[in-house]
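Here is the structure we will look at.
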Amino acid sequence: MAGYLPEPLRMMVTNPAISDFTSDGPLPYALRQKFTGWPPPPAAADISLASQTVLVTGATSGVGLEAARQLAQLGPRLLILGARNLSKADGVKRQLEQDTPHVAVQVAKLDLEDLSSVDRFVDGLHASAIHLDLALLNAGFFANDDRMTPDGYSSLFQVNFLSTAYLAFRLLPLLQTTTTAPEASPQGPRLVLVTSEAHAWTTFPVPPEPAENSLPILSSFRQKESLGSADDQYYRAKLLLALIGKELSRRLTTMQMATSVVITTPGFCASNFFPDSVMTRLIQLISARSIQQGGALHVFAATAQGPQMHGAYLRDGKPTGLSKFAEGPQGQILQQRLWVEMEQFLAGRGYLLSSILKPSSPLQIDGPV
């Protein structure tokens, strides 16, 4: 019967955490959307991205598009859109340049179902001598299927975690060599990872410590017969993304590096994230946040200043803890094991963390790239 229900109702009805009535549970989550998560909207007079270079992924529709629109209104010198569908991205570019003619918008191909596409995207930024002040990694998706990518991973896992985390690591050198203009990036460069409150609706068996060339966490998403439901693949991918963001922020702090990492979620918004239906529209009307509110939460995560922001997980626009599992002893072990696996994964693709995670002297950029 549940299989005939539209999303996200089916996801709620079949949720294994349905009996969790803490703030992490799915029912409190659904009830909270209309009444919380209203950070003050950024005003150009208070927040300016002048002289900054901003990257947004997943900006051709939904919350990502709205976040890109709101960020453009804050006046960055260059707004880069990483997108799989270049035709849609070009349409967004034209609209943004019409609405904010003082902002240069650049579009580049980025398909998170293809790790080589991530490499080509970042290599293109390097070739253009682009240095980032802000990277908002918003791209993600949900589909109730078990599609695999050409790289051999579950599509849900690769898009929502692996390629996003890989992109984040590869962007770090570009964030660390940012502009030095006085008005640019007073908070320092920032990396924003978009997870989901759904990370709290799952756990993850802690694997044995990985041996050399053994990646038990990542490899578990290559075996179709053991993937589990699409829902749980999505939940676990978002859990892993939150954990890698936490560990990355901790290590950047230890190394006294300038880049701040913020983990955020826009909550349930009235977007095209789920397939369209009359019931879905009704559910959105009753309990979803608006696209504008979701975009504002992204912009808040990208621009809010203060020492409490680095390493923060923002829910409803406020710093809070991750799920009980993520913050507990098993989650902390998983976080460390995941870091080791990502280090090996990067090395397998020719990138050593020791060369990525090192302070670089800021570079002066005289004009738009």
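For all residues, glycine too, the Cβ spot is worked out from N, Cα and C.
Feature annotation from Swiss-Prot assigns active site, proton donor to Y234; the stated evidence is similarity to another entry. Sequence annotations record features per position, and here Swiss-Prot assigns active site, lowers pKa of active site Tyr to K238. Positions annotated as NADP(+) binding site by Swiss-Prot, on the basis of similarity to another entry: K88, D111, N138, Y234, K238.
Structure with Swiss-Prot features highlighted.
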residue : record                    : DSSP (3 states)
K88     : NADP(+) binding site      : helix
D111    : NADP(+) binding site      : coil
N138    : NADP(+) binding site      : coil
Y234    : active site, proton donor : helix
Measuring Cα to Cα, how many angstrom lie between K88 (NADP(+) binding site) and the residue listed as 'active site, proton donor'?
25
What count of other C-beta atoms do you get within 10 angstroms of the C-beta of N138 (NADP(+) binding site), across all chains shown?
26
Enumerate same-chain residues with a sequence separation of six or more from K238 (active site, lowers pKa of active site Tyr) and a Cβ-Cβ distance below 8 A; give 'none' if the list is empty.
G140, N160, F161, T195, S196, A198, H199
CB within-chain contacts under 8 A for Y234 (active site, proton donor), separation at least 6:
F142, L156, N160, S196, A198
Cβ contacts of D111 (NADP(+) binding site) (under 8 Å, same chain, 6 or more positions away):
R84, S117
Maximum Cα-Cα separation in Å among residues K88, D111, N138, Y234, K238, which the record lists as binding NADP(+):
26
Within 10 Å of the Cβ of K88 (NADP(+) binding site), how many other Cβ atoms can you find? Include all protein chains, please.
16
